[in-house]
Amino acid sequence: MKFPYTRMRRLRKNSKIRSLVKETTLSKDDLIYPVFVKEGIKTKEKIPKMPGQYRYSVDELIDEAKKLEEKGLKAILVFGIPKKKDKYGSSAYDPNGIVQKSVKLLKEETDLVVITDVCLCQYTEHGHCGIVKNKKIVNDETLKYLSKVALSHAEAGADVVAPSDMMDGRVKAIREELEKNGFDDVIIMSYSAKYASSFYEPFRSAVYSSPAFGDRSTYQMDPPNSLEALREVKLDIDEGADIVMVKPALPYLDIIRLVKDTFGVPTAAYNVSGEYSMIKAAIDANYLSNKVIIETLLSIKRAGADLIITHFAPEIVEEI
């Protein structure tokens, strides 16, 4: 059909008609809110590079989680900030560690889906995501420590564990550890295609996890690559991942679509700290209106993400 028989504007003539033919819808069910929890009590500490985000003590986190649950939030992703760091990241798998305490209380006090970040970078003296020997991040030895972290989170009550380290074979190691200990129903949401991105800087500042030497390019993915992402995702699925993830989201919308179209499995995308801070800065400077938040998240959903991890969740959960 050609003009004038086909007029595309007919389906745009008012908001109700536009809603009827809308192809992509953003829902509260899509959102996961990443939170930072630290030792102490009655602490809610501003994060300078992430306006509107905070480091919470456990009691403050519980209060915030309850408020967000009342507004319709369904899921939360917990990142710990320990008091003590060492070369093995032992605070990460301490049964009385900050994440473990938070998970127990979140499960007692809320009905939220509780997801935990499984990594070592916040917990090690050197800030890398694995065990370091002679300034090299050793892969296979790291796996047993990551498995211990995941198991400790499952024992605390986590619904989902989310390995973010990008070590080869970590999903298999974690799945085997969970199965061996009777946690066969704990979900693994793997950071499958996690790129070595410059958009992580505000997060690293928030959790004090910048590497003491070098960078993470020997284990995180190289930004120019897309077919490599498919190999990473397939390996994680084969090793037992239930949900796969692309991180960051906005510079990698093509990867989200590629992963979703290729595998058709539940796919998460992480709208990371740098994306958040960049948009917040533009809004705060009146360069953009806050309408760009919804537009941004819609682009991630439209690209194929089933789940969106975003620091914007508290701002928009009541809007959608």
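Cβ atoms here come from the backbone N, Cα and C positions, even for glycine.
Model, not experiment: these values are computed from the prediction.
Over in Swiss-Prot, the protein carries these features:
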ACT_SITE  Lys194  active site, schiff-base intermediate with substrate
ACT_SITE  Lys247  active site, schiff-base intermediate with substrate
BINDING   Cys119, Cys121, Cys129  Zn(2+) binding site
BINDING   Arg204, Arg216  5-aminolevulinate 1 binding site
BINDING   Glu232  Mg(2+) binding site
BINDING   Ser273  5-aminolevulinate 2 binding site
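Feature annotations (Swiss-Prot) mapped to structure.
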residue: Cys119; record: Zn(2+) binding site; DSSP class: coil
residue: Cys129; record: Zn(2+) binding site; DSSP class: coil
residue: Lys194; record: active site, schiff-base intermediate with substrate; DSSP class: strand
residue: Arg204; record: 5-aminolevulinate 1 binding site; DSSP class: helix
residue: Arg216; record: 5-aminolevulinate 1 binding site; DSSP class: coil
residue: Glu232; record: Mg(2+) binding site; DSSP class: helix
residue: Lys247; record: active site, schiff-base intermediate with substrate; DSSP class: strand
residue: Ser273; record: 5-aminolevulinate 2 binding site; DSSP class: helix
Message = Please identify, among the recorded positions Arg204, Glu232, Lys247, the one with the smallest Cα-Cα distance to Cys129 (Zn(2+) binding site).
response = Arg204
Ask   = Closest of the recorded positions to Lys194 (active site, schiff-base intermediate with substrate), Cα to Cα, picking from Cys121, Arg204, Arg216, Lys247, Ser273?
value = Lys247
Ask   = Taking just the CA atoms, what is the gap between Lys247 (active site, schiff-base intermediate with substrate) and Ser273 (5-aminolevulinate 2 binding site) in Å?
value = 11
Request  = Sorry to bug you, but what's the C-alpha spacing from the residue listed as 'Mg(2+) binding site' to Cys121 (Zn(2+) binding site), rounded to the closest Å?
outcome  = 21
Key: Neighbourhood of Arg216 (5-aminolevulinate 1 binding site), C-beta criterion under 8 angstroms, separation at least six   = His128, Cys129, Met166, Ala196
Key: Rounded to the nearest Å - Cα separation of Arg204 (5-aminolevulinate 1 binding site) and Cys119 (Zn(2+) binding site)   = 13
Task = Can you tell which of Cys119, Cys121, Cys129 has the least company, meaning the fewest other C-beta atoms within 10 angstroms of its C-beta, among these binding-site residues?
result = Cys121
Tertiary neighbours of Ser273 (5-aminolevulinate 2 binding site) (same chain, Cβ under 8 Å, six or more apart) = Lys49, Met50, Phe199, Tyr200, Glu201, Pro202, Phe203, Ala206, His311
